[in-house]
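K.L.:
When I checked TrEMBL for this same protein, it listed these features:
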DOMAIN    5-113  domain 'Cadherin'
DOMAIN    114-217  domain 'Cadherin'
DOMAIN    218-321  domain 'Cadherin'
DOMAIN    322-431  domain 'Cadherin'
DOMAIN    446-546  domain 'Cadherin'
TRANSMEM  557-580  transmembrane segment
Amino acid sequence: SPEFPDTEMLLKIQESTQPATVFLLKAAQDSDIGSNAVQNYTVSPNLHFHVVTLSRSDGRKYPELVLDRALDREEQPELTLILTALDGGAPPKSGTTTVRIEVVDINDNAPEFVQSLYSVEVPENSPLDALVVTVSARDLDAGKHGNVAYSLFQGGGGPQPFVIDEITGEIRLKGALDFEATSYYTMEIVATDSGGLSGKCTVAIQVLDVNDNAPKLTISSLTSSIPENAPEAVVAVFSVSDPDSGDNGRMVCSIQNELPFLLKPTFENYYTLAAEGPLDREIREEYNITIIVSDLGTPRLTTQHTITVQVVDINDNAPAFTQTSYTMFVHENNNPALHIGTISATDSDSGSNAHITYSLLPPHDLQLSLASLVSINADNGQLFALRAMDYEALQAFEFHVVARDGGSPALSSQALVRVVVLDDNDNAPFILYPMQNASAPCTELLPRAAEPGYLVTKVVAVDSDSGQNAWLSFQLLKATEPGLFSVWAHNGEVRTTRLLSERDVPKHRLLLLVKDNGEPPRSASVTLHVLLVDGFSQPYLPLPEVQHDSSQDEDMLTLYLVIALASVSSLFLLSVLLFVGVRLCRRVREASLGACSVPEGHFSGHLVDVSGMGTLSQSYQYEVCLSGDSGTTDFKFLNHYSQ
């Protein structure tokens, strides 16, 4: 018949335990095998629990008690159940045990093992009381509820040669091991606190024999890709095992020496494969690591396992421009959207971390409207002129271009771009002297006694362009008297080439051409009027041109007005002088005949003020005496005074 290890099982269960909570029960042992072994467990009818029969990996059955209804210590502090184990024989046999359940008040943290699975290897020649493994569980409760007691549940099929210290959790041998009889043991360890809560873990024990088995490597955790620059990144956690014993079961793990990785033992037969230091994907992006596990037996047996590790790129490299600064040239009067150059940056990263976008930085000069001058293609760095450039307004400008990658956070770098506007010959020469927009043409005086090479005048002109586009040359296109004048080609000086003669006309008209050195050349013309005089003190009036144009007509009109005004002024002056002369003659004649007797007070004296007119520069005052008898008029000259 099935037989339980104990006649009574004690379970302490908190009243706060939720329904559907499972509790481990000790399994009954049955010396029979197959269908005659234990097949089912039942529990006496009650309101709170039912039992579930489960199977281990080796087919053995074990019971678990499941809570159906929440417990209430105040209502029922203790329950007693009868657990029955039934085998599958005919007739079936059974065994019972008493399950006593104590309801514990307020203990809400169950013990928890540091590991859910402990895998150890024990040589078959291990002595009694040898330490197999130490399990450890923690309870977050305080006081007595935090005290943990360990217990070992043996499965059916006979007793196991292990014992556990309920205080320290040390599992030791209590019987001899026989590899040929049993090579593998599995135990369930329960940690129970004073409140009755428990946690479980599994201890797997491998009995080692002689060196007839190669070491075994088990990967517990594997990371096939690690980020670059990560310090000591863990690649794999693995365990090695050898079912043999002694030197045959001792193992040595190693990897290739030239790789930047280390093997670090953690605890017995467990290793951590980690990077020796930060990796650099830009140097190497993939590593093939071969883990070699060898035992120390004779002959040695070896196991190899290869792990491929990919180094994942992180954004640790900013874009780098091919040049720190760029200089680009564009001719003025260019077409809008003209491609003026390309800047380029590279990024050593990969993927989105190496995807570069370009943008323009706002200029330091706030008066420079960069957005209206150039634009950049964000994908390939091509720069375009948005409008036609004008060299005369802007010869050069600078700005910075930013290359930013697509990483997170994004990295960027800057480069200086200088755009130089090249001058085109788009401006004709401008005449500064003589002025061509004056109402009257400029007339230069030339003495008739001038020697050959006499400087008549100098034509002054400028060109807004630069370089050879602003180099000016002067040329005499047309003259009233060919051969009399010449123009120096480089400075615009107009000089005589010979002595003047009486046959030379008094007024000359010269047409000069000012031309720049651009391609194609641009030019402007200027007209000079030269008047021949005997000396610079000789008054002169511009003579009418033989050939008339609209401007010459206006000049002639002005001349006629001046002549008319001068004639009127001269005529008036002549009349005054004639009148004064006549009166003087009469005065002289009367003085010779006798003084003129005029009754005093007969006529009142009158002062006549004759203001200076015409060419007179002073004013004179006269006293006029009128004789009523003769009707004549006499002038009495007084001393003049200036007004």
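Using N, Cα and C of the backbone, Cβ positions are placed for all residues, glycine too.
TrEMBL annotations: computationally assigned, not manually curated.
Worth saying up front: this structure is predicted, and the values here are computed from it rather than measured.
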K.L.:
For the domain 'Cadherin' (5-113), DSSP counts of helix, strand and coil?
P.N.:
3 helix, 54 strand, 52 coil
K.L.:
According to DSSP, how is the domain 'Cadherin' (322-431) divided among helix, strand and coil residues?
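P.N.:
Within the domain 'Cadherin' (322-431) the tally stands at 7 helix, 49 strand, 54 coil.
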K.L.:
Summarise the domain 'Cadherin' (114-217) by DSSP state, stating how many residues are helix, strand and coil.
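P.N.:
Grouping H, G, I as helix and E, B as strand yields 4 helix, 50 strand, 50 coil.
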